[in-house]
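Novice: This is the feature table in TrEMBL:
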type: ACT_SITE; residues: D18; note: active site
type: ACT_SITE; residues: N66; note: active site, proton acceptor
type: BINDING; residues: D18, E204; note: Mg(2+) binding site
type: BINDING; residues: 19-23, R31, H35, 63-65, W67, R69, R185, 191-193; note: substrate binding site
Amino acid sequence: MEEYQQLAKGLSVGIIMDGNGRWAKQRGLPRTAGHKKGAEVFRDIVRYCNDLGMSSVTFYAFSTENWARPTEEVESIMRLFGNYLTMAYDYKKENNRLVFLGDRSRLSKSLQDKMNDLEEKTKNNTGMFLNIAVNYGGRQEILRAAQTLAQRVKDGQLEPQDITQELFEDCLYTRGQKDPDFILRPSGEMRLSNFMLWQASYSEFISMDVLWPDFRREDLDRALQEFQKRSRRFGGL
Ligand code: IPE
Ligand code: IPE
Ligand code: MG
């Protein structure tokens, strides 16, 4: 554990929780069973990230494109998310700052209330940022920032040439947080699927051949070891 705490301390990590459906299919179960198991794994990995001393972790739970799935599946994911939010109230103990990334206007009023409430209740915590991306899309996030800044220009508060990267980042859901050092995708896929498009510019990408419901603390350890081997140059030498 200590060895991994050293590797993980202060890191910012993005996790694309993928492979729930395939996990269920392998077992002849409905896809919703995969999401249920995936939610359990999520809770355990959150705790582990805390213990490792990470500065910020972002879990991709539902994309702006995932509405294309059957209503039943979408409803089941939203129900699991709602259950989690109810349980998350003991995050006070964990000292996490909860932040929800994504357009919440399409979510139910009761989910929105809980999300706002949890963000408010944890905003003065001093521990890890726990970001949960729900109805999140990197393009939507960037567009929204562009709209916010365009409005400021229109209102005469800002000149177009004064728009800097810093100002732009202030309009993203991850305002005030470090870009991910690495993005981890279980299930073997090698794509971002609209995840953190702005923030991922120099993130290391780590794809792992394990389905999310089978993902264990040891798999995160392996990812940390892999990350340590990478040579990050940020365009320099
Ligand atoms: C990830 O698992 C969960 C969500 C996208 C909500 P999937 O449901 O995408 O699982 P696969 O990719 O079909 O196996
Ligand atoms: C990405 O997974 C979204 C989440 C894990 C929440 P998908 O399963 O939706 O991505 P694609 O369709 O394989 O690209
Ligand atoms: Mg998938």
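From the backbone N, Cα and C atoms, a Cβ is placed for every residue, glycine too.
Whatever TrEMBL says is automated annotation, not expert-curated.
What you see is a predicted model, and the numbers here were worked out from it, not measured in a lab.
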Novice: Which one, from the binding-site residues W23, W67, has the smallest tally of other C-beta atoms lying within 10 Å of its C-beta?
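Specialist: Each of the binding-site residues W23, W67 was scored by Cβ atoms within 10 Å; lowest is W67.
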Novice: Determine, from DSSP, whether T64 (substrate binding site) sits in helix, strand or coil.
Specialist: coil
Novice: Which recorded positions from the list D18, W23, T64, N66 come close to ligand 3, meaning a Cβ under 6 Å from one of its atoms?
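Specialist: Going through D18, W23, T64, N66 in sequence order, those close to ligand 3 turn out to be D18.
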Novice: Just name the winner among D18, E204 (the recorded positions) by count of other CB atoms within 10 A of its CB.
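Specialist: Counting every other Cβ within 10 Å of each candidate, the maximum falls on D18.
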Novice: Please tell me which one of the recorded positions listed here (T64, N66, R185) sits closest to D18 (active site), measuring Cα to Cα?
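Specialist: Closest by Cα: R185.
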Novice: With the Cβ under 6 Å from ligand 2 as the test, give me the qualifying entries from the recorded positions D18, G19, W23, T64, W67, E204.
Specialist: D18
Novice: Which three-state DSSP class does G19 (substrate binding site) fall into?
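Specialist: Its secondary structure by DSSP: coil.
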Novice: Please give me the CB contact count at 10 A for G21 (substrate binding site), counting all chains in the structure.
Specialist: 22
Novice: Cα of L192 (substrate binding site) to Cα of E204 (Mg(2+) binding site): how many Å, rounded?
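Specialist: Spelling it out, the Cα of L192 (substrate binding site) and the Cα of E204 (Mg(2+) binding site) are 12 Å apart.
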Novice: Can you give me the same-chain residues 6 or more apart in sequence from N66 (active site, proton acceptor) with a CB-CB distance under 8 Å?
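Specialist: Expected: V74, I77.
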Novice: Can you tell me which of these binding-site residues sit near ligand 1, meaning the Cβ is under 6 Å from at least one of its atoms: W67, R185, L192, E204?
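Specialist: Listed by sequence, the hits amount to none.
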Novice: Which chain-mates of G19 (substrate binding site) that are at least 6 residues away have a CB under 8 A from its CB, listed by sequence?
Specialist: G34, P186, S187, G188, V210, L211, W212, P213, D214
